[in-house]
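Quick look at what TrEMBL lists:
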- 30-249: domain 'Histidine kinase' (DOMAIN)
- 285-403: domain 'Response regulatory' (DOMAIN)
- 334: 4-aspartylphosphate (MOD_RES)
- 442-541: domain 'HPt' (DOMAIN)
- 481: phosphohistidine (MOD_RES)
């Protein structure tokens, strides 16, 4: 049957409307990219300046710049998020995560703001201690963070209550209910119906700044995940937001394996001081591909702080030429370079590597949303992603992680990887001869202990990062002491010494957070070397 003229016109209108929406979405993204580029530079330079010697007054100025920059970045991200949702360009990820851990992470982020306003925080989580689910971890975290942040913003005294429980359970799906209850000023009845509309902010005053996009984004995210969101409130009697999100069940594995008790090692032995090896360890070399001069300066300064050797190029062609002349352990690749962009360059590198059987780690630097960049970048061969503005700690963590993986790949493919021999030490950051003597050359147990040490030390360094951020000196001392002890058994003398220095700094009565952050970067750097050499020993075992 032929379509009527009216139907044809209607279809044309729909096509034009879709094009208009697409153009509008692209326009918004372009504008946001233009705003982000100089903003990234401001935030990056402020972060680098914050770790230099400053007076208290200068430190306050820098903190204000960082805070204002972060607020502006969050606002820009909100606009981008809303634009993508309206154009149906947002994808929902599916990954296994532990729900209790997610809640704790969110509360850690909000802890300082809650304490600053002298509010009480009540938490009620009615879940198993290890409750693994499958869904979009980042989005669930974003929703909960938004609701708690909103509650803190509009509550001047009293308390914030966070509740999490199972609302409904089916064979493969569990419906989780979050509640965030505050004792703030409440919401007028006439405002309840519009509170989830974009650009709506109830009780907005000079002290309550924002775009009014937070709750609108929450609602859209919840609906994208097949959930519900609602609010109950009375003027001057507080507010209760609730969210129900269906998540897939995951196998509830233990977060940590049963730990091997090292105490038996302490009975008949002490940590022996090993002779320092004069041979200089090789510093990893990084190739940075970035076409923006300000971003080049920031990344250069960050890599200098972290102690890496690096080279900077401005486009894909220069990347390929540099790879033809030199070997690099890792590439930091700008996603949107002029000329041959990061995606195309990565694709070309992977084709070249098919012949050489090598794999150079590539981390994408992107001002786009990570989920969006990941979708296309993974297809082309990118290994990981960093969102601009690039945070120094995040950069350090990514480099530590992937440079160790790069060492793994090199060790696996190297023809000359021989087994470890106590008579002919091959490593300069470790010496496991003491451990071998204690274990009476029981190699199976030795390798098991090394594996346990690597897993535990990695977790301890993560905990140090968290506790330094929250200025919890008691826990910093405890973790540093444990790291010192276990590293000693590996003959990791330098790492053992750095952990001891961290323990000493944490014992100081004066504010030493900046000093601890510097020491933490040294520990991370040395652990990269230690873990690489221990894993090399494992790969070379007979």
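The backbone N, Cα and C atoms fix where each Cβ goes, glycine too.
Annotation note: the residue listed as '4-aspartylphosphate' sits in a strand segment as assigned by DSSP. Mapped onto three states, the DSSP output places the residue listed as 'phosphohistidine' in helix. The DSSP breakdown of the domain 'HPt' (442-541) into helical (H, G, I), extended (E, B) and coil residues amounts to 85 helix, 0 strand, 15 coil.
In the predicted model, residues of the domain 'Histidine kinase' (30-249) average a pLDDT of 81.
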